[in-house]
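Colleague: Quick one: the structure is below, and I'll ask about it shortly.
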Amino acid sequence: MPLRYFKAAKSKFLDRQDEITLKAYKNIALSFTFKGLGIAVSLLIVPLTLGYLSATDYGIWLTISALLHWVTFFDFGLSNGLRIKFAEALVKKDEYLARVFTSTAYFTIGIIGIILILAYFILYFFFSNELLSRFTDYSTPVLSELVLFVLIAFTVRLTAGLIYALLAADQKVGMVSFFELLTNIVSLVVIYLLSRFTSSSLILAGGGLSLVIALVPVLANFYFFFTRYRRFSPRIGFIQFKYAKELLKLGGTFFFLQAAVLVIFFSNNFIITAILGPEQVTTYNIAAKYLNTLTMVSVIIFNPYWSAASEAYQLQNFLWLKKAASNLLFIWLGLFFLAVLMVVASPFVYDIWIKDQVSIPYTVTVLIGVHTVLLMWNNVFGYLLNGMGKINIQLLVYSVAAVLLVPLSFIFARNLEWGLEGIILANIVCILPAAILIPLQFRQLVRRMELNSQ
């Protein structure tokens, strides 16, 4: 009886949902599942890798891999441009245009990849020994070869990773999370096998993990272009350079937006070190890591709405966009109250988590909580606007924020002597205009769609 009631309630609930929303809900559920498993697997990789490599070698590998993740930034926003344009073509049921965009994007990113690889070889043959010898006492020629291999692998990942843009455009964000999980699982297997059958080797570990990072998206390309996306598979005859310009123009806007966001959200460690010293970086990062779990949850929920918004915007479905914004605001409200609880409980959590190793001022946690809530508010409307391809306001406000962050941090932390709290407050002030202007832009666009439909 309870099971029958549950099924009836579930059916009634699903019947009330439109197809676009159901796709979003499905992707949210899959993303939570796969990302949760992915985090668990990644936690297993760390001790296994530490057991295989020395602390020094592991540190070198972390440094190389962290720096090389920036290689994926060199697609100049092309993946985001393809995500929007491919989604538009799917909504219009224009398979020819979808294939043109796919072929043109792969060709363009392939050219970028070849240029990057040529640049790597030039650096390898002429400058690698001199550059690497500055950072480590490790055998420089061997390390140079590893860095070259890793760079090439990450560049292959850059090109093959376009398949994830197609999946996201087709509202299959959950599948993207699955392949991220698969990458982690295969990486775990590689490290396990190396630890069982070989002696400690940074070259084998770095080479093996880099190969996995490149190979998984390559296999995903083969699978989808021979099955579900066969009719969209890249072909030379479908390459049209006028569409490359269109992709790069839209993608370029995303590129500069990403650059501004990177400056804002990934420069705090450098700013804190420069103004207050490295010991304050630890204090900041512990509190930030604690509250960033909420940001991760919000991104998993909001991300499927990006592609859903693309479809709704192409269909001029303003009712869905209004409903989506209401749903996301309801979720944001829940995350807001959760943030308040996390801030209140933070002294007890820190006591269990890090004991008395580091003292985290309560004001630091409060301000990071405010920043987290504000960032999630911006993302409610930002992800919907991303899907609609309307990001000029975001580009403007975040670019201004990126320029102002450093001087404001110096003024608040040093001149006004507010310390670490001053730097966090500077971050809040910098993204505050976005919290006002981005929702206003979304409201204006939806209102215009509503008026045009009358």
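Yeah, the Cβs are placed from backbone N, Cα and C, and that goes for glycine too.
Among the features that TrEMBL reports, transmembrane segment is placed at 32-52, 58-79, 100-126, 146-167, 174-195, 201-226, 247-266, 286-306, 327-350, 362-383, 395-412, 418-440.
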Colleague: Six or more residues out from either end of the transmembrane segment (174-195), which same-chain residues have a Cβ under 8 Å from its Cβ atoms?
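Modeller: Contacts of the transmembrane segment (174-195) (Cβ under 8 Å, skipping residues fewer than 6 from its ends): 26-27, 29-31, 33-35, 37-38, 41-42, 44-45, 48-49, 51-52, 164, 167-168, 201, 204-205, 208-209, 212-213, 215-217, 220, 304.
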Colleague: Six or more residues beyond either end and a Cβ under 8 Å away: which residues meet both conditions relative to the transmembrane segment (418-440)?
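Modeller: Non-local partners: 264, 268, 271-272, 275-276, 280, 283-284, 361, 363-364, 367-368, 370-371, 374-375, 377-378, 380-382, 385, 393-394, 397-398, 400-402, 404-405, 408-409, 411-412.
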Colleague: Which bits of the chain, at least 6 residues beyond where the transmembrane segment (201-226) starts or stops, bring a Cβ under 8 A of a Cβ in it?
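Modeller: Sequence-distant neighbours of the transmembrane segment (201-226): 49, 52-53, 57, 60-61, 64-65, 138, 142-143, 145-146, 149-150, 153-154, 156-157, 160-161, 163-164, 166-167, 179, 182-183, 186-187, 190-191, 194, 232-234.
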Colleague: For the transmembrane segment (32-52), name the stretch out of 146-167, 247-266, 286-306, 362-383 with the most CB-CB pairs under 8 Å.
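Modeller: It is 286-306, which has the most Cβ pairs under 8 Å.
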Colleague: Under an 8 Å Cβ to Cβ limit, what residues of the same chain, 6 or more beyond the ends of the transmembrane segment (146-167), are close to it?
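Modeller: Beyond its ends, the transmembrane segment (146-167) has Cβ neighbours at 64-65, 68-69, 71-72, 74-75, 78-80, 82-83, 86, 102, 105-106, 109-110, 112-113, 116-117, 120-121, 124, 128, 132, 173, 175-176, 179, 202-203, 206-207, 210-211, 213-214, 217-218, 220-221, 224-225, 229, 232.
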Colleague: Are the transmembrane segment (100-126) and the transmembrane segment (247-266) close enough that 3 or more Cβ pairs fall under 8 Å, when only pairs 6 or more apart in sequence count?
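Modeller: Judged by the Cβ rule, the two regions touch, with the required three close pairs present.
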Colleague: Could you name the stretch, out of 100-126, 286-306, 327-350, with the greatest number of CB pairs under 8 A to the transmembrane segment (362-383)?
Modeller: 286-306
Colleague: Same chain only, please: residues at least 6 beyond the ends of the transmembrane segment (100-126) with a C-beta under 8 Å from a C-beta of the stretch. Say none if there are none.
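Modeller: Same-chain contacts beyond the ends: 71, 74-76, 78-79, 81-82, 85-86, 89, 144, 147-148, 151-152, 155-156, 158-159, 162, 165-166, 229, 232-241, 243-244, 247-248.
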